[in-house]
Amino acid sequence: MSIAIDTSRARVADWPRKLVLLFVASACITVPYFAGWTAPFRYHDDDHRMRLVLVAVLFVVQLAGMAWVVRSRIELAPPTGRVAWLCLGAYTLLSVFVGAVILQGFPNSADEWIFLFQADTYARGRLWNAVPPDQETGLFFLIHIFMRDGKWIGQYPPGWPVVLLPFRLLHVPAWVANVFLGTALLAVTARLATRLLPTTEAALATCAVALTPFIVFNNGSYFSHQLPAVSGVLFVLATIRFQRAPSWSASLAGGVCLGVIGIARYLDVLALATPFFVVLAWQIVRKPRTLTPALGFGLGALPFLLILFAYNQAVTGHALLAVTKWGYPTQAIAKLGFGPDHPLGEAILRTLTRQFEFVEWTMPVLIALWGVAFVVRVVRGRATWIDWIYPSFLVWYALSGVRGGERYGPRYYLPAYPFVVLTIALAISDAPTRGRWLRAGLVTCVPMAAALGIGWAIFTQQMIWERRQMEIAIERAGLSQVVVIVPSSIGTARPMQYWDLARNDPDLAQPVLFATDPVHYEFGAQTRLATLFPDRAIWRYVWDRPSRQGRLEKLSEPTGAERRSEGR
């Protein structure tokens with residue numbers, strides 16, 4: 001008598017254990033690396049060999065994990081009902097933890113501070129502020145905040161600062177806006193995945209999008225990318241409806257999504273819309289009756305476009321002249337295309353570097369999986385315009401002179417990231433047997449991303465803690481009615497430059513003002529500040545890199561009382 005043993009259940013039960021072991025192995029590599037201040041310590045230096053070594057080792061580890069689970073039977077489904085709400089709640093708490101504990105509510109980039117600066121300006125009922133005193137000496141210079149034509153204004157379009165405005169008015173941490181948007185991104189990505197994919201691939205794709213440090217860290221930041229990411233997925237959902245049955249409701253909804261993206265981030269709307277409108281034009285050629293409902297895309301976006309034109313007209317004097325171009329009339333950051341200040345070779349190198357950064361913040365095999373999936377879908381004639389979204393982002397941002405500063409991953413590509421993962425998942429669903437290695441890549445994404453997330457959390461928390469030392473020292477000293485000069489960078493791990501640190505409210509009225517000294521006292525910043533603010537003491541904060549500590553030094557007492565007594 002023979003006994004047949006069904007091992008399928010064992011294989012189903014076995015793969016979670018394998019993923020746990022893969023996470024432990026990966027964490028044993030990432031945690032010592034990030035905690036040891038190796039490659040992150042030299043993040044902006046030319047020598048990135050340790051970063052290359054880390055990614056190469058993790059790449060091999062993930063390939064081994066993929067080989068381990070490639071034959072496992074994995075059946076999943078996106079949660080529904082109460083379980084789905086519990087998952088959304090848990091994800092929201094994860095984003096809150098990252099924003100409050102890891103990122104510490106700190107605007108880690110000049111861009112983040114500028115969004116807050118613009119929101120605070122709008123909260124005062126104006127579009128710009130009066131130029132600070134002594135504009136020519138740059139005492140209150142902050143990168144990307146312009147002082148021109150009597151206007152003190154940030155370079156960005158008004159969309160994202162307007163979203164932050166209610167939080168500033170209610171005195172709620174403005175990064176909470178991204179927490180809500182991050183949860184919304186999880187929900188709409190799950191919705192899109194279930195529309196396009198079988199249940200298991202939909203669940204894997206949703207997890208691969210939502211649970212990477214790339215997304216979770218940006219959920220806790222002040223950056224503007226979650227808004228176009230959510231709007232981009234909603235736009236794709238609207239276009240799917242339109243392509244199946246052209247209607248005004250679908251096109252108007254899609255147009256509104258484009259308008260929201262465009263008023264927040266100019267390039268994102270171009271990158272997202274380009275592949276779709278190529279397909280739409282072909283659809284109109286084949287079916288001319290599609291033209292009339294397609295006009296809804298333009299009508300839906302029109303109100304946002306008019307608001308943007310009115311904003312440009314008010315600030316720059318020309319509806320078609322963006323504030324960035326007005327403030328940077330000659331710099332590559334405000335141009336599209338290549339030239340002496342933005343050579344093609346540099347753009348290609350920067351694009352390749354961002355791919356490397358992509359895998360550092362998601363999973364080591366991400367770009368390899370996407371490349372295989374993209375080529376396979378194109379060769380087999382299965383590719384849709386959704387598969388071309390990420391290449392479109394690559395091209396548009398290569399054309400742009402934007403280089404990017406402080407960031408949590410290659411943030412300019414964040415709105416395209418859900419579609420990178422969806423391309424991989426669609427290739428799996430096209431050929432489930434042949435695509436089992438692609439499936440194994442998505443399955444192993446979560447443990448790899450979790451290990452990388454812990455490493456980045458260790459490094460980022462320490463980096464921000466160092467950058468906050470000036471703020472902490474001022475609070476401990478109980479300083480008020482003072483001006484603090486920031487003559488040098490702060491921090492050991494990726495130091496924050498002094499031109500990012502003169503962060504003042506639009507009225508220059510807070511208890512502690514900050515000033516830069518770009519010429520290091522050559523023109524007497526201390527004396528000039530004492531003249532401008534006679535009722536404030538003048539201090540400076542100096543960071544000592546070897547000891548990784550800073551100190552406050554008092555430079556002068558308030559001079560206002562002396563002058564008043566002399567006047568009497």
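Backbone N, Cα and C atoms are what each Cβ position is placed from, and that goes for glycine too.
TrEMBL labels come from automatic prediction, so no person has curated them.
The following features are taken from TrEMBL:
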TRANSMEM  20-40  transmembrane segment
TRANSMEM  52-71  transmembrane segment
TRANSMEM  83-106  transmembrane segment
TRANSMEM  169-189  transmembrane segment
TRANSMEM  196-216  transmembrane segment
TRANSMEM  222-240  transmembrane segment
TRANSMEM  252-285  transmembrane segment
TRANSMEM  291-311  transmembrane segment
TRANSMEM  358-379  transmembrane segment
TRANSMEM  385-402  transmembrane segment
TRANSMEM  414-431  transmembrane segment
TRANSMEM  437-459  transmembrane segment
Counting Cβ pairs under 8 Å to the transmembrane segment (196-216), which of 20-40, 52-71, 291-311, 437-459 comes out on top?
437-459
Let me spell it out: take the transmembrane segment (291-311), skip the flanking residues so only those 6+ beyond its ends count, and list any with a Cβ under 8 Å from a Cβ in it.
127, 157-159, 242, 246-260, 262-263, 280, 284, 319-320, 323
Non-local residues, at least 6 beyond the ends, that sit with Cβ under 8 Å of the transmembrane segment (169-189):
88, 91-92, 95-96, 99-100, 103, 105, 115-116, 119, 123, 163, 205-206, 209-210, 215-216, 218-223, 226-227, 229-230, 233-234, 237, 418
Counting Cβ pairs under 8 Å that are 6 or more apart in sequence, does the total for the transmembrane segment (222-240) and the transmembrane segment (52-71) reach three or more?
no
Of the stretches 20-40, 52-71, 83-106, 252-285, which racks up the most C-beta pairs under 8 Å with the transmembrane segment (414-431)?
252-285
Can you tell me which of 20-40, 83-106, 252-285 gets the most C-beta pairs within less than 8 Å of the transmembrane segment (52-71)?
20-40
Using a Cβ cut-off of under 8 Å, list the residues of the same chain at least 6 residues beyond the transmembrane segment (20-40) that approach it.
48-51, 54, 57-58, 61-62, 65, 68, 444, 447-448, 450-452, 454-456, 458-459, 463, 492-494
Using a Cβ cut-off of under 8 Å, list the residues of the same chain at least 6 residues beyond the transmembrane segment (437-459) that approach it.
15, 19-20, 22-23, 26-27, 29-31, 33-35, 40, 58, 61-62, 65-67, 69-70, 72, 74, 98, 102, 201, 204-205, 207-208, 211-213, 216-217, 360-366, 369, 372-373, 408, 421, 424-425, 427-428, 493
